[in-house]
Amino acid sequence: MNNQPKTVRVRMAPSPTGSPHVGLVRTALFNWAFARHHHGTFVFRIEDTDRERSTQESYDAIIDLMRWLGLDWDEGPEVGGPHAPYFQSERGDIYRDALARLAESSYTYDCFCTNEEVDARRKASGSKVMGYDGFCRDLSTEQRAAFEAEGRRPVVRFRMPDGSITWHDLVRGDVTFETRFVPDYALCRANGDPLYTLVNPVDDAYMEITHVLRGEDLLSSTPRQIALYAALEELGIAKATPEFGHLPYVMGEGNKKLSKRDPEAHALAYRDQGFLPEGLLNYLALLGWAIAADRDVFSMEEMVAAFDIADVNPNPARFDMKKAEAINAAHMRLLSLDVMTERVLPFLKGAGVLSDPVNPADTQLLELAMPLVAERINKLTESVDMLGFLFVDEESFTRDEADAEKLLNDDGRAVVRRALDALERVGEWSTGAIQDALQAELVEAMGVKPRNAFGPVRVAVTGRRVSPPLFESMELLGRDRSLARLRSALG
């Protein structure tokens, strides 16, 4: 984009409630990429005004997620910055001052109405306009005194201006709202606690946010915020109103908006499932943006270089788990053997396949085995099943029940018996010698097709139908362990 200000400042402002959602990650990613592309500032603040729902556990999960993904922030928790504090729960004096200044200039008014009274008036009038009806906008001194005598405590509402509000949305183009359909809205609770409707724009103003990139679900709140920004500018609190861009919905199964209840929505679960952070980010970037029409796989450096918010597609994007796994698999193929080995180690240790620390013999065996599986695993967790058979002792070795039932039947055991006889005669225990012996005995002598010949042997030795290459695996496993497993498969 050619007309960007010299200093771009964007923010991510999650609420620490519940498990972080992939929609949060997509929004954070687009803000991060936008800031990095324009050599700007990525601000991270915590919207914890909902004291009942905000938890330390959720905050820790958000920090953990951002660190794992490599979405580094320039200002915010744990790094500080010129606009600290970055927790809304610690900025109460700032919000109270803003409220007082808004009230002094008559941008707000006290509202004593109950929800029941508002609903009753709407039903009585037959109005179809939802929200507050402005009843308390111009209370007389007597009316106010009467409400106070009843012990009512008011909320503070912002006076929406007459007319219409138009802005150029960075994703959707020009958007206009008639303010008669945007009711006066509350800025704080009756107990004085500020609401999101106040603290979000006030924080953006004080932190000098230039661009607000957020989900489409917040589109309808934008005219309210633009009106509030105009007031904050008049009061000298805001230097300017930020530009807005509303990102497309992420849809789940059945073409419904992906919700926190959907299993694929939980962002940290992808780490547990063995996704690479770069693979997950690449896929989430595709939910509304593309680096090129004929290209899906790219690095974050490439995304930063190419990212333009104007290229974001406003239409809803559908979350496709198969596509996500395919993108992750492509990134797995880009890893060097050393890096892939480093990435799978925590999963192998966590599953008990390897000790912590890894003993020297297992380290050497892993280095020999990784080239066999590097092109076969699509997620880091798959290394456990693919490599586990090499490291487990014979007393703990097990076979997949379904695979054993299918391939180690009477015909399969007959193949295993002949394989055992042939391999017991092998002198040098090497990949080539193992392959030659089994090929001669099972395929040529028995006349069994290779698939039917080697499948039972594979399950007998590795425990699974899917494994690294059989002959190489048997060489790594060694003569004694390979023959022992063939014997145990015969019962």
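Just so it is clear, glycine is given a Cβ too, placed from its N, Cα and C backbone atoms.
Segment annotation: Swiss-Prot labels motif ''HIGH' region' over residues 14-24 (candidates 14-24, 113-123). In Swiss-Prot, the feature motif ''KMSKS' region' is placed on 257-261, out of the ranges 222-226, 257-261, 262-266, 397-401. Nonlocal intrachain contacts for the motif ''HIGH' region' (14-24), taken as residues 6+ away from its ends with a CB within less than 8 angstroms of a stretch CB, comprise 46-48, 50, 53-56, 58-59, 61-62, 65, 215, 250, 258, 260, 264-268, 270, 284, 319. Across the motif ''KMSKS' region' (257-261), the prediction's mean pLDDT works out to 80. Neighbour count (other Cβ atoms within 10 Å of the Cβ, all protein chains): 18 for Cys113 (Zn(2+) binding site).
Residues of the motif ''HIGH' region' (14-24) grouped by DSSP class, helix first, strand second and coil last, total 3 helix, 1 strand, 7 coil.
Here Cys113 (Zn(2+) binding site) is positioned 33 angstrom away from Lys260 (ATP binding site), judged by their C-alpha atoms. Taking the Cβ of Asp138 (Zn(2+) binding site) as reference, residues of its chain lying under 8 Å away and at least six apart in sequence are, in sequence order, Tyr109.
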